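Asks: First the structure, which I've put down as structure tokens, then a few questions once you've had a look.
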Amino acid sequence: MTQLTVKALSEEIGTPVDRLMEQLADAGMNKASSDHVSDEEKQKLLSHLKKEHGDKSGESEPTRLTLQRKTRSTLSVAAGGGKSKDVQVEVRKKRTYVKRSTIEDDAKREAEEAAKREAEELAKREAEEQAKREAAEKAQREADEKAKREADAKREAEEKAKRAQADKAKKEMNAKNADANTQAKKEADELKRRQEEEAQRKAEQEAAKLVEEARKLAEENEARWSEEETKKKELENSDYHVTTSRYAREAEDAADRKEEGGARRKKKKPAKEEQSRGGRNQRGGKGRNKGKLAKPTSMQHGFDKSATVAKQDVVIGETIVLSELANKMSVKATEVIKVMMKMGAMATINQVIDQETAQLVAEEMGHKVVLRKENELEEAVLSDRDTNAEAVPRAPVVTIMGHVDHGKTSTLDYIRRTHVASGEAGGITQHIGAYHVETDNGMITFLDTPGHAAFTAMRARGAQATDIVVLVVAADDGVMPQTVEAIQHAKAAGVPLIVAVNKIDKEDANPDNVKNELAQYDVIPEEWGGENMFVHISAKQGTNIDGLLEAILLQSEVLELTAVAEGMASGVVVESRLDKGRGPVATVLVQSGTLNKGDIVLCGQEYGRVRAMRDELGKEITEAGPSIPVEILGLSGVPSSGDEATVVRDERKAREVANYRAGKFREVKLARQQKSKLENMFSNMTAGEVAELNVVLKADVQGSVEAIADSLLKLSTDEVKVSIVGSGVGGITETDAVLAEASNAIILGFNVRADASARRAIEAASVDLRYYSIIYQLIDEVKQAMGGMLAPEFKQEIIGLAEVRDVFKSPKLGAIAGCMVTEGLIKRNNPIRVLRDNVVIYEGELESLRRFKDDVQEVKNGYECGIGVKNYNDVRVGDQIEVFEIVEIKRTLD
């Protein structure tokens, strides 16, 4: 590290030069202002200054750290009148962190010092008492000795004075001495006993007091620590927002996340390096030697962030991606993979794991698991509906089904007294028509389905949404493929079947034959003991149409059809399309409740508020009850036909459910594609190059898109594959043209047209655009286009045969075969075969063909010629030369 002079160091730390030189001198280093100061001398000076200020340990570790933070942000909130205003948001935070280890050490050290002091005082008092006892015993002994000496002197004096009474005085004196000794001994023993008891009592009191003080100190510390822990948890869990505005709170949280994310990315520099730089980096100066980091010394603060992983609630759905699970647990995905490997399961970061496995992993890592059903939100939204009204009788929903051109729409046309059939392209129905009619005996709702083979999905939807199926069978045609399919749909849906035998006015009509054919498919007439009603009608002349209506109403009475007439409505999407002027339009058949203008409707992956409602005649209406078909406007997109339409309370929740359904549909679609890729991997590896016909399909309604797409995909073969790169409802736009150009596709429009910008883009890119109004023509032309993409088939056709009569040698060409043409025609430059005993021995081509000395292009049957075979000289007499040509055969799709 670069050494600084004394003057430069004083400028960095903000201390006068003279003052710094005095401090260096006190530390034992005499320096001038121009002298250099090394890192060791700086360390020595710092230690000296700390000792001067009373820090004996030579280090100063902060025990309390206070962090203050202030963030400013600008928030745009909505104001009155559709305007917005900017609000300055300032968030101030102050947090104090206490080093718990320091508090615990101080408390423990204080308790130990107090106990040590008490023990020292107790030992001191015991020593003083012992000294007092020894002094008393010594005084007693001295007193006893003095008394004894005095007694001896007195006795000697008395013996001298009174010789006569010596014996008597001696006896009395001995008795007195004995009594005095006994009494003194008793007093000394009593005094010693009292002193020992007093010392023991005081020692016990002091020990009890010391124990009580230690207990109180421990309780106070425990209470203080628990209170600090509680406050810390409350601070962490409390809502620290300084405003009640939702927008301000969101802005504050975003600012916090940004700051905390930036703080985590910054590297913490060692304290020694910071100290030696004198705070240059804090003031914005450029530091040197960024690549070399000094080792941390004791000057680094002792506050360390806890490395313990926070335990939290982990919400797990039915399936979850491993990386998402790791993100919810705030750990790296590699840690989750390690835990799974310990549990005996191998996984990758993008692998989808089930709910049970994810629960085991999360619990293994110490988190609390909250299991959530995937359709929990959907169930909550659909259950929050007012559907407790009383059920009342409703009109039957009748679906007209049958083979194409058997008179379904004509029958319905006669009932409605309109001319719907003439409006359909080619006289065939290509959409589901929903109508309700009033009869003398009540209302009936009719669904008219297409009979063409391509509209299988439409017929299936019609059968699912219906109460009664009317099967129209032409008396002259009998049972046809779509007739059988309609029977299967009706049986699968579990709805009763009424057979309408149409076209009985024709001469070749044979109703009995129809009954016999239908009996093979378990459709037995009532007169034969079955359950199906047969009605003979003529849609053209209107024969027995009333009888058909009576049969329908009779069947509906038997079914006892009821529905809730009031409350929030629910129904099914019969058809949908994209109208250029009105947006997404859906035909909905209301099945229960009342659909009102302004209701919030959830249709599959789409949602919206009903802006307008129209009946089948195009009239504006405000409400629709059960069994009434209506067109609704206002959805977010074009729903799929067959989706359930439900009125909900909250538009926000409806949007969430729709988005969830869209995400789920995408997951299922991707999973299906992945499965298809895995299943077809081997076949794709073994198969050769496959021609691909890319198609951009646009139609007027959703049902037609589905039907055409399904029919086109069924045309795919092993050699030519149809790929629908784009499809949708509505007119052809410039986006469709760009997509077709990028994918080298053709554009097929079914009952739709391209706008001006799309036409310009199509002409500029030379994209093939075709319009259709009848599905027959569309499918036939796509078949022809696919046939043109098939690899051609080549066939070898023999055009002539020549017999070798002689062989000549030519200096230029080698062996020349003199031949007689026995069959067909010999042409020059055609491929040939040389046959010997009817076995091919060489295959090549003609190099020279001459008649006499002239080169000719061909030689006919019965003429002689000379033939030179290219690169072959082993021609012998008797060989046959076979001339053939390769013919290309055009292939078509069967």
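Cβ coordinates are placed from backbone N, Cα and C, and glycine is handled just like the others.
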Asks: Quick test of your reading of Swiss-Prot: among 448-451, 640-643, 828-831, where does it put region 'G3'?
Replies: 448-451
Asks: According to Swiss-Prot, which listed range is region 'G4': 502-505, 618-621, 686-689, 702-705?
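Replies: That would be 502-505, the stretch labelled region 'G4' in Swiss-Prot.
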Asks: On the DSSP side of things, how many residues of the compositional bias 'Basic and acidic residues' (101-174) fall into helix, strand and coil, could you say?
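Replies: Split by secondary structure, the compositional bias 'Basic and acidic residues' (101-174) comes out as 70 helix, 0 strand, 4 coil.
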Asks: Could you count the residues of the region 'G1' (402-409) that DSSP puts in helix, in strand and in coil?
Replies: 2 helix, 1 strand, 5 coil
Asks: Under DSSP, is ILE504 (GTP binding site) part of a helix or a strand, or is it coil?
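Replies: Going by the DSSP assignment, ILE504 (GTP binding site) belongs to neither helix nor strand, so it counts as coil.
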Asks: Give me the count of other Cβ atoms within 10 A of the Cβ belonging to ASP405 (GTP binding site).
Replies: 16
Asks: What does DSSP give as the helix, strand and coil breakdown of the compositional bias 'Basic and acidic residues' (33-44)?
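Replies: Breakdown, helix to coil: 6 helix, 2 strand, 4 coil.
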Asks: Measure the Cβ-based neighbour count of ILE504 (GTP binding site), defined as the other Cβ atoms within 10 Å of its Cβ.
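Replies: Within a 10 Å radius of the Cβ of ILE504 (GTP binding site) lie 18 other Cβ atoms.
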Asks: May I have the DSSP-based helix, strand and coil counts for the residues of the compositional bias 'Basic and acidic residues' (184-239)?
Replies: 54 helix, 0 strand, 2 coil
